[in-house]
């Protein structure tokens, strides 16, 4: 195969453009937030909370519209066993943005949080925050690795360049401008990347549609021409699997730091909601060319193309149908834009995930759990180091791990079944505590892992109702193996079980400790006694208790959080002005002197 010169030039041009924009954004906003006294670390994480409507709308849309989104949508439309009916990502992610905007954006932004894990650490403590950090980190790292792996495979097949070199160069560029400018660089490059995707794909569609090898896609949608109709269908036996996957996309797309990083960067809670709704519309618009390209691939007689007589699906290259269509059904100068769009899409996903992972680690693990007295400069350097470390980890996984997509699927499921119900509880359900959170974590993890993961060859130890055994050919080894297919919506059931477990075990622990059935000294997580000490030691309780109260029981309860840690979650600029003035007046020396008199 000869090197696709146009594609190589396209990649070089787009990469240089993105690198330039990332560096320019970092330079333009290097002093942002200094006038308001905002910490540099917070500016890097949430962009000084002054991301405008235009840039915010683009970067929020780019959170979902990345390499996996446009390639995956085209792949599912193209595959005969799935079709458009199973291309759930556009509607699923669009609805997740709508649900996130309606219910989650406002409380998170109005309370002035900096990362998604802040409310968990505030209510459940630093240890639980560390546990919840694990699936969140896995999701971000494996997602970055998966899309870098996909980019390398695409470029190696289409452009015929070394796969390792393409992955390393792509990762280094994303890491570099993220390292320099933080969220500002990521947001401004998202604008360029989204524009490249939109223009590059829409320019390609008319040329591909009018290629002589392509049949009428309106006919092939409902009738078999070269393969089964690309419209697709949902078998009766698979309807619960379809519902399970759709719920995972719609609700599991919310508890991600990449989403809340944009929400928390908005200038107000209302702005955060508006950005979510704009991004939902943007996701649907950006999916249209991918759907059309998938339909074109399903309507093509590949014998008449330079690709060859064997269709991509028969060569196990269905996941690359989008770049294949761009190269073999479009003129070279059109491929210039199309292949650049594919590269831009991957970059827009990788940089966001790397920044999100480093933000959570620097704030929620390093600062709030271990170094509460850390200076702002120290936090900035921890972020820079972890951006490099997590980016390098994702790159290494993309190069050496053959099951990176299996790891991504499993980790995204864990985000859905573990983090989403806990986010729901911490924001909207009163009375939950650390004991309930731990129980919910265990329930969600066991029920999800118990269902198995075919991509990782992880056999199930829980056989849910309706399971069957299917024979599949292993893509790498070529041997036939038996795979257990779960037709029960066990992912959604695991999520609901986790939510219920949080509620039940929280109230059970509260009842056992407050009723005295379990001594207060066994509240080793400080989740009930210290938090509800006012309820335990009120006058009614003291009068009605039959036994005398010892001095040890009257001793001050150890506080749930240190003053420094608690103060880290209280942003005075989010409080009403009257409240701040009252607090200042009460704490002033004059006020104290007046009270003494």
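Quick reminder: no glycine exception, Cβ is built from N, Cα and C everywhere.
The following features are taken from TrEMBL:
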REGION    573-597  region 'Disordered'
TRANSMEM  7-27  transmembrane segment
TRANSMEM  85-105  transmembrane segment
TRANSMEM  131-159  transmembrane segment
TRANSMEM  165-184  transmembrane segment
TRANSMEM  191-209  transmembrane segment
TRANSMEM  240-259  transmembrane segment
TRANSMEM  271-296  transmembrane segment
TRANSMEM  379-400  transmembrane segment
TRANSMEM  406-428  transmembrane segment
TRANSMEM  435-451  transmembrane segment
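Between the transmembrane segment (240-259) and the transmembrane segment (379-400) there are fewer than 3 Cβ pairs closer than 8 Å, counting only residues 6 or more apart in sequence, so the two stretches are not in contact. Highest Cβ pair count under 8 Å relative to the transmembrane segment (7-27), across stretches 85-105, 131-159, 271-296, 406-428: 131-159. Same-chain residues lying 6 or more positions outside the transmembrane segment (271-296) and placing a CB less than 8 Å from one of its CB atoms are 53, 56-58, 60-61, 63-65, 69-71, 73-78, 84, 87, 89-91, 93-95, 97-98, 100-102, 105-106, 108-109, 194, 197-198, 201-202, 204-205, 208-209, 214, 217, 220-221, 230, 262-264, 321-322, 325-326, 329. Long-range neighbours of the transmembrane segment (379-400) within the same chain, counting only residues 6 or more positions beyond its ends whose Cβ lies under 8 Å from a Cβ of the stretch, are 39-41, 44-45, 137, 140-142, 144-146, 148-149, 152, 164, 167-168, 171, 174-175, 178-179, 182, 350, 353-355, 357-359, 361-363, 366-367, 407. Stretch with the largest number of CB pairs closer than 8 A to the transmembrane segment (131-159), among 85-105, 406-428, 435-451: 406-428.
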